[in-house]
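Peer 1: First the structure, which I've put down as structure tokens, then a few questions once you've had a look.
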Amino acid sequence: MEVKTSLLDNMIGVGDMVLLEPLSEESFINNLKKRFDHSEIYTYIGSVVVSINPYRSLPIYSPEKVEEYRNRNFYELSPHIFALSDEAYRSLRDQDKDQCILITGESGAGKTEASKLVMSYVAAVCGKGAEVNQVKEQLLQSNPVLEAFGNAKTVRNDNSSRFGKYMDIEFDFKGDPLGGVISNYLLEKSRVVKQPRGERNFHIFYQILSGATEDMLNKLKLQRDFSRYNYLSLDSSRVNGVDDAVNFRTVRNAMQIVGFMDHETQSIFEVIAAVLKLGNIEFKPESRVNGLDESKIKDKNELKEICELTGIDQSVLERAFSFRTLEAKQEKVSTTLNVAQAYYARDALAKNLYSRLFSWLVTRINESIKVIFLYKVMGVLDIYGFEIFEDNSFEQFIINYCNEKLQQIFIELTLKEEQEEYIREDIEWTHIEYFNNAIICDLIENTGILAMLDEECLRPGTVTDDTFLEKLNQVCATHQHFESRMSKCSRFLNDTSLPHSCFRIQHYAGKVMYQVEGFVDKNNDLLYRDLSQAMWKANHSLIKALFPEGNPAKINLKRPPTAGSQFKASVATLMKNLQTKNPNYIRCIKPNDKKAAHIFSDALVCHQVRYLGLLENVRVRRAGYAFRQPYELCLERYKMLCKQTWPHWRGPARAGVEVLFNELEIPVEEYSYGRSKIFIRNPRTLFKLEDLRKQRLEDLATLIQKIYRGWKYRTRFLLMKKSQIVIASWYRRYAQQKKYQKIKSSSIVVQSYIRGWKVNRSVSCMRILIILQLNKNIYYWREFMQKYFLEMKSKMPSLSPIDKNWPARPYLFLDSTHKELKRIFHLWRCKKYRDQFTDQQKLIYEEKLEASELFKDKKALYPASVGQPFHGAYLEISKNPKYKKLKDAVEEKIIIAEVVNKINRANGKVIKCHCLIPKVSFFLFQGSGAAGKGDFLFSSDHLIEMATKLYRTTLSQTKQKLNIEISDEYAIFLSFLKGCVLPCSRLSDGKNCFPGPSQVWL
Ligand SMILES: Nc1ncnc2c1ncn2[C@@H]1O[C@H](COP(=O)(O)OP(=O)(O)O)[C@@H](O)[C@H]1O
Ligand SMILES: [Mg+2]
């Protein structure tokens, strides 16, 4: 048969089965074989990776290979699991699409290895840094821990996962891992107490006995001898190429990295030791009076050591192996256990201890790697593979059911939904037949076997595995994928290969015969309450935490959900989870049954290719389209590739895509228009689009950079130009003047400062410039002030206080300074003026000032008095001898002496009188004698002077202010006026009046 060589050079066979011509089962297998023989273990079916287990290490996972596949298009290099990992990771990082990697295949086909390769690739290409590296390490190191406790050697695989694992790796928006969460599915716990021939118990038991130090073994009360432990199968306790002691150290190291504390590790190993030792407890029957056998522990040494290790009260545990307490509502009934029941109880306890410890480990790891905020998720599913043993029990049934479900999701997404979508989208399509295993899933779940099993377990009355089988015979007998000897139509009565206690299911991957024995028990998964209570009472925090139902305060008489229904529920959750993510498939194939390298068994591979539906997969892929996307999303992603659609396309998205594809000259046979999506046939077209987009994005980035840089430098230029103008103007203004030489140099400093300034911080630069300007102003200020004062000096007005002249201000900004200067100058020249006065003049001016304060704007005759100097001594008493008598009459110093006109109040006649005002009293003389007592009414030419002096004298003598009433007109109330001296302005108007003694009316 001729196998067409790929487009890529040096390709062995065909790298992508889609290109295989002609396509047949034979060519398909041959192509796989040819590639396998040349160590090419990966082959594509479109984006699905088919992986064949090489059973030998190949040099294709080195760091150099990681670099080679990093950021490369899927089809650019020869098929590799790294290409798929890269594609998934980039799609997660760049397109924000949650991913899941679905790894399927039989037990031993290489699923676990594949999952580890995916994880290590992602860890290698994602971000770096101390924190990120720690997260990566924790995620990666969770594998050896879980493998030690959850994997075992089986006939199919030396490192067979005996639990299902789904791990979500969580990333931040940059694509750096933040942590993760692991879900585990049903551990095959029956292995703890019994292993099929040629198989081993879980690795950890052998690792601990081989690798622990003597000291540690002593502490755990263990001996370095597998043969001492009943739970360890001896015929295959050593596995070729596996060093349990080395692995033990790896596991301990991994536990440390994941975050287990020393005391936690110690507790875990104590539980492991307790489980091992439980297997060594043996029972013997002891007859009781009622004739029934009661089981007794043969040798209590082992029990004692278990209790010492775990802090359990020995008598409590011993009793729990001999009695069983049944509780129903308020009643408690205790029954003895016979030897078989005691063994059953012992094994149940060992299985429960171990499987609960395993779940606790997963929870504990999750605690270490958990994330609070998650952005993007990549799920990696590595679940136990489809398996067929000689004796298949409940566990295989569950495992195979899980694989049916996985096959179902593969069919749903790649075969069924894709074909249905073509029809829905009006794409021309010829239906491709495939086997849909939904019918088998239905046989197991819903109304099928699991439901029957649950019904049987919950039913009152005697329930055995046989009654369960009977029920199956009734309900499923006619199902085409179910076979049993007793089926209704007796189709299989003659089939002696089918024992009575068995049923057979025709799975998608082959027929499997299940032994019905143990189904009910394992589904019930019951642990006697006495045992769980004994465990809860342990003085061992881990064991106590593993058996919360043993707490008497929390007794729950309700049955816990059965193992089958729990598994069904968790598988359903898993399927839902997977459906929300973008799937990436790795289909693992086992080349031979011997775990041997270089052997390619055509029949075995052919069988797997058939049931995996790989040929149908190729057919759908060939006839179908590699890529489909809603028009809106497609346009959004590639619109930059065409002028009409970039940056905005105004119109229907489909029309935009049409324009885009025409413009890019993509051959019309490469794509089809659906109702709502564009379908691209060849992935290479898609990669071409992606490449163009990448190139265009770089161009656009360059454009943006260019414009930004232009803007940045232009802003800088403008700023510098402006600064230069400011500086230059200042420079020109002052540089020419010699006395401003300093400014010149400072301006040069400023200029060079700004030139040197990194103008990309233009805002700060502007600020600096303003500050510099201010500083400069301060500098100029001194110069200004000097100039200003010098100019002012030459323009000063006269020193006369009444000179109103003042030079105009030279600069607006000196306005307030100029006003202040004017005020200061005025005050100064007033002072200068005052300083010229003699004491006499000062006195006169004081009196004048007093007069002004008293009379200004109050008395009409006041202004006339302003020009008259106050003489006081108008009579020259001391000089003129004619006044000698007057002088003698008044001894004190006289401040006023003058002639006044006294007005007679009776008749209004005017008599000339001499008026003397000494410091303390007041005299009025008529002729040479006193002019009489009482009030006077008189007039004088020096009225203001007299009143002022009188006021000042009174104030200085009596410290009291003389009350002066001032008015220009008076009504005369002569009759009531009594003895008072009244200087009076006018007599003739007849209106002046006389106030009381301390008051002057004027
Ligand atoms: N890519 C590989 N390169 C080398 N050996 C492999 C590879 N994949 C699987 N193996 C070998 O096959 C064994 C079984 O693979 P494993 O992944 O445990 O199978 P599964 O998980 O499918 O049961 C591994 O222990 C390893 O020895
Ligand atoms: Mg595995």
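Each residue, glycine too, has its Cβ placed from N, Cα and C.
TrEMBL labels come from automatic prediction, so no person has curated them.
For reference, TrEMBL lists these features for the protein:
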DOMAIN    12-694  domain 'Myosin motor'
BINDING   Gly105, Glu106, Ser107, Gly108, Ala109, Gly110, Lys111, Thr112  ATP binding site
REGION    571-593  region 'Actin-binding'
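Describe the structural surroundings of these features, if you would.
Peer 2: Around Ser107 (ATP binding site), the same-chain residues six or more apart in sequence whose CB sits under 8 Å from its CB are Thr154, Arg156, Asn157, Ser160, Tyr384, Gly385, Phe386, Glu387, listed in sequence order. The secondary structure of Ser107 (ATP binding site), as reduced to three states from DSSP, is coil rather than helix or strand.
Proximity of distant same-chain residues to the region 'Actin-binding' (571-593), defined by a Cβ-Cβ separation under 8 Å and at least 6 residues beyond the stretch ends, is recorded for 32, 36, 45, 47-55, 81, 84, 87-88, 91, 97-106, 108-111, 114, 118, 156, 166, 183, 185, 377, 379, 381, 385, 401-402, 405, 408-410, 413-414, 599-601, 604-605, 608-609, 612, 614.
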Peer 1: So which binding-site residues out of Gly105, Ser107, Lys111, Thr112 are up against ligand 2, CB under 6 A?
Peer 2: Lys111, Thr112
Peer 1: Could you give me three numbers for the region 'Actin-binding' (571-593), the DSSP helix, strand and coil residue counts?
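Peer 2: Within the region 'Actin-binding' (571-593) the tally stands at 9 helix, 8 strand, 6 coil.
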Peer 1: Using an 8 Å cut-off from the Cβ centroid of Gly105, Glu106, Ser107, Gly108, Ala109, Gly110, Lys111, Thr112, can you name the remaining same-chain residues around the ATP site, in sequence order?
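Peer 2: The surrounding set, listed in chain order, is Asn53, Asn157, Gly385, Cys588, Lys590.
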Peer 1: List, in residue order, those binding-site residues out of Glu106, Ala109, Lys111, Thr112 with a Cβ under 6 Å from any atom belonging to ligand 1.
Peer 2: Ala109, Lys111, Thr112
Peer 1: Mean pLDDT for the region 'Actin-binding' (571-593), rounded to an integer?
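Peer 2: Averaging the confidence scores along the region 'Actin-binding' (571-593) gives 92.
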Peer 1: Can you tell me how many other Cβ atoms are located within 10 Å of the Cβ belonging to Ala109 (ATP binding site)?
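Peer 2: Counting Cβ neighbours of Ala109 (ATP binding site) within 10 Å gives 25.
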Peer 1: Only counting partners 6 or more residues apart, tell me which same-chain residues put their Cβ under 8 Å from the Cβ of Glu106 (ATP binding site).
Peer 2: Arg156, Gly385, Phe386, Glu387, Ala509, Cys588, Lys590, Gln608
